[in-house]
Amino acid sequence: MLMIPGPTPVPENVLLALAKHPIGHRSGEFSQIMADVTANLKWLHQTQNDVLMLTVSGTGAMEAGMINFFSPGDRVLVVHNGKFGERWAEVAQAFALDVVEVTAPWGQPIDPTTVQAALDADPDKAIKGVIVTHSETSTGVINDLETISKHVKAHGALIIVDAVTSLGAVNVPIDEWGLDVVCSGSQKGFMIPPGLGFVTVSPKAWEAYKVAKLPRFYMDLGPYSKGAAKNTTPFTPPVNLIFALQAALKMMKAEGLEQIFARHHRHMLATRAAVTAMGLPLYAPEGHGSPAITAVAPTTVDAEQVRSVMKKKFDIVLAGGQDSLKGKIFRIGHLGFVCDRDILTAIAALEATLSELGHTGGTPGAGVAAAAKILTA
Ligand SMILES: *Cc1c(COP(=O)(O)O)cnc(C)c1O
């Protein structure tokens, strides 16, 4: 049972779609699937902008989302408070962009006024783009993208968003908030295996694309956009992953966006309440937890031992901490194809694990009771 922030669990009818024979990607049959998938991707992304599919992981989607709109030496503001946000500064540097940074300590949300201040200090509009991570998976913190996007719109730079663990988990109304480029990956909220990256592109971003001079070929979004208009792709796509995507999008439509967001919110609340009731400290502060993942910073037990017992005794895989958080936190993923029963199971197994490890901070059963209270409310 995977409770990590990607790859996430895959429903059986999606697995069955993967098991089909591949078909020719230049066939009419495949074009029909592309048309269906493209329309449903626009629905999921709440946008009229292009939603392009690339055969890449989430990082590839972000790289494509960054390199298509700038020229060497262009200044970009990278806003970061965790491992993924830091990566976008590294990508920008690798492509010879002039990187300025606004940060918050790991485990804390970005204060939108710090972004506003950095943009106010740029009256000449040297900053061409602002890169923001919405749900910072490494720490389980969600950033206030709506407010940050307002400050970026007021300045006029492009806003490029890592929505890898927020898309399909929490409301990201791309058109309403005016988000120029939004990137995500298939193994997160999409309920399909790794391998597809998604990038949305606004008309304003396409204007920037026309004059952008960073080198690009496989990641050049122009051919993907031309292809999408004809329900095709510039290169051989992972045909079976697209079958899987079609099946997953159908399930999402049947559930409904509001319901999907409500489910992730409920799972976040139940997990956080249970962790607190077990006497374990949450890593992300109240009101700033990600609906995709809950990070826990235990003090009475070893985070890696918790993961090890959960895996060995209960076959539940939790994520560990990255970089400086290694051994300090464990992370419970509740993203994508997760139901209330999965949360109760994970919490019950965690309580049993804690008692095996000699944790004395909470009354046995208190975690399950706290989760159940929220799940049955
Ligand atoms: C998973 C993830 C990514 C992408 O990682 P890949 O391994 O390249 O798919 C990017 N940003 C966030 C916030 C993520 O959680």
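In case you wondered, yes, glycine gets a Cβ from its N, Cα and C as well.
Whatever TrEMBL says is automated annotation, not expert-curated.
The shown structure was predicted, so the numbers you read here are calculated from the model rather than taken from an experiment.
Annotation source TrEMBL lists substrate binding site at Arg331. The Cβ of Arg331 (substrate binding site) has 26 other Cβ atoms within 10 Å, all protein chains considered.
Here TrEMBL flags 22-324 as domain 'Aminotransferase class V'.
If you look up TrEMBL, you'll see Lys188 marked as N6-(pyridoxal phosphate)lysine. Taking all protein chains in view, 28 other C-beta atoms sit within 10 angstroms of the C-beta of Lys188 (N6-(pyridoxal phosphate)lysine). Taken residue by residue with DSSP, Lys188 (N6-(pyridoxal phosphate)lysine) is part of neither helix nor strand, so it is coil.
Annotated pair Lys188 (N6-(pyridoxal phosphate)lysine) and Arg331 (substrate binding site), C-alpha to C-alpha distance, rounded: 15 Å.
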